[in-house]
Every structure is written in structure tokens, then in C-alpha cells.
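**Q** Structure provided below as C-alpha cells; questions to follow.
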Amino acid sequence: MASALEAIKYDRGRLFIIDQLQLPHVTKFIPIDSSEAGWHAIKAMQVRGAPAIAIVAVLSLAVEMLNLVSENMIPEDGEDVRAYIEQKMDYLVSSRPTAVNLSDSAQKIKLLLDQRARKSGLSGVETAMAFIQHAEQMLARDLADNHSIGEYGATWILKNTRAALEGGNTCVLTHCNTGSLATAGYGTALGIIRRLHEHGRLSRAYCTETRPYNQGARLTAYELVSDKIPATLITDSMAGQLLANPDKKIAAIVVGADRVAANGDTANKIGTYTLAVLAKFHNIKFVVAAPRTTIDMKTKTGNEIIIEERQSSEVTKIRGPCEGDGDHREAVMETIKIAADGIDVWNPAFDVTPAALIDAIVTEVGVETKDSSGQFHLSSLFESMA
């Protein structure tokens, strides 16, 4: 059964998202009624995960455009509206430059508007409505793609991992959050875990806490508990011991991606690279799950990927309700200092895992593995789109 968790609620002209900063203690939906509200929600990490970021960004502008249409504030000239939408999309991209889905969506929207508005001579309202329809189709397509990723990934793990072949059911480790809270729904890497569970082939999912922002402890654990999937939380530094323990029978590590370069190098949440190195040493499959929109064929290798560095307070402080607050719906969230005053902090949000450490890249159209020379050929994934 698919996940009942819904993190993005959209009806034409209305967008609400779960404020992920308050999870897992408080489940609160906040309205996003403009591109500015979308930008701030992305920047503040009230929404995160490359696919969800792109969807919320585009839908936030769709809501804004429909409001302008309803208030008769849309210019008559389609060219003026096209320029306005493109300017707003560039602004939204600046909220999270590492997430290729967002920049990819912006480029596709510019191409759409060029074809529809400029070449077809659409009016301002027609241009706005063409954009809104594109945004809504993007939401539906992402959800369908995630279900495909889940099926392809689960099937590959069951056919290609030692632990799965030896024991029937399987245990999987994941990092950060790649589920309904990171996508339109169901998830990418977490979608694979969901599919294994739906097939009755998952013994247990392990999730890292994912410091410093604790997406695993706050978000992935929240989703796993919500879906009643057998799961165990570990700290990031326990991963090596988990993989080394033969009783745990970890079949694979499955992660998402913020950007995949043309050669397969993958930028993802900080700590992913460490897990890939551990997987290689312990001969455990390392699987990246991502829609094709996350693959950036213009970026040749991971060396070209810009790594966002975030503020030191994410490392030196932690936020949550006091343990004795009882009903968390009414709890007062507090920020606690956990590091020595004056200590210098380096806080890269992502790292890049070399393609050499990745066994498979799962997309909505299938699973890509390396050839006999150890090279991915990701361009083949786009042949059907040519």
C-alpha cells in the first residue's frame, strides 16, 4: 500500500506544505502564496529534497500567477509575462543552487515559454495559464516517476545483492530523507524501501540521523513510523559497525541525489561519500535513486558541482521541545547550544561520491549499471526523450 503521508497539498491557486523544521514533533502545514514565500521556504529548509524543492518552487509561482490572473493584473502582452516568469524562476533557483532539479525545471520552463508565448503569440493570460498547467503536470509526473523508481530499485536489490539472495528478505540502510517529504510523494530511495516492504521482502530499514540537520532522525524516521515500516535509527558514526555486523545482513545502502554528473559522480547530503567508502570495503551494494531530472549531463564530473556551505549554528546548536513538555502540539520549541563557544565550524551541506563507488543508479526508466570498464553511460537514459 502506498504511503498515506502527504507533504505537499495543492489545488489550483492554493499550496500548502508541511513545515519540516517542526517535524517530527509538530505536523503543521504552512501556506505558500507567492514565489517569495516559496524562496524563503526553500532557503530556510522548511521544504528540502531536490525533487520537492523544484515542485514547491514552480507551484509557488503558479499560485502567484493565478492570483494575478484572478485580479486582472496580468499584462496583455505574452512577452511581458514570459519575461516575468523567467525572472521569477531565476530568483527561485538562487534559493538552492545545488539542486539540479530546480535549475532543470527553470530551463524547461524557459523553453516552454519560448515555444508557446514567443512563437505562438499567446496573450499574457494564455502564457500564464500555460505555465500553470505545466506546473501541475510536473507534480503528477513526479509522483508517477517515484513509484517507477521504487519498483525498479526493489527488483534490482532482490536480484543483485548477496544478502537478499542468501536470506530471501533484506535489510537496507538509507541516509538523509528521500521520501514523501522530499518529493511529490512516495519517494526515491525511500520509495525503494517502501516497495520492498510492500512486496513483503524487507526485514528492516536502518536510517542514519544525518547530522548536522538530522533529516534522518527527524524526517525519515517520521515517515517510517508513519508507514509502520520496521526501522531502526542509528547515528552517522555507527554505520561502519552496522555494516561489519554479520547478524544485521545489510543488503544495500540506498540514497538519493541532489545532482548526478554525466559520469555518475553524485552530490548528495553530507555523509553520503563516507557511506559509499564503507560499502565498498564491506562489499555491500551502494545504490543511488534519482529521477532523470536530477542527472545533469552538462556537468561532466563531480568536480564541477558547487557545494553549498551553510551557517555554523546548524552544527553548534540543536532545536526541539523539552522532553517533559508532554503534548508536543503545544510544546515550545527551544534551541540548545551543544558546542564550545568560539570553536570554528566548517559545514558543507553536501559531498560528492565518485562514480567508482556507486553500483547502480535507479531512475524512473530503469537501472543504470557500469560497463566492463567501470563507466556509466547515463546518456542512454535520455534517448527516449530525444
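Quick reminder: no glycine exception, Cβ is built from N, Cα and C everywhere.
From Swiss-Prot, here are the annotated features:
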- CYS176: site 'Transition state stabilizer' (SITE)
- ASP258: active site, proton donor (ACT_SITE)
**Q** Determine, to the nearest whole angstrom, how far the Cα atom of ASP258 (active site, proton donor) is from the Cα atom of CYS176 (site 'Transition state stabilizer').
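**A** Answer for this pair: 11 Å between alpha carbons.
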**Q** What is the number of other Cβ atoms found within 10 Å of the Cβ of CYS176 (site 'Transition state stabilizer')?
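**A** Other Cβ atoms found within 10 Å: 29.
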**Q** For CYS176 (site 'Transition state stabilizer'), what is the secondary structure state per DSSP, taken as helix, strand or coil?
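**A** Its secondary structure by DSSP: coil.
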**Q** With every protein chain in view, what's the tally of Cβ atoms within 10 Å of the Cβ of ASP258 (active site, proton donor), excluding that atom itself?
**A** 29
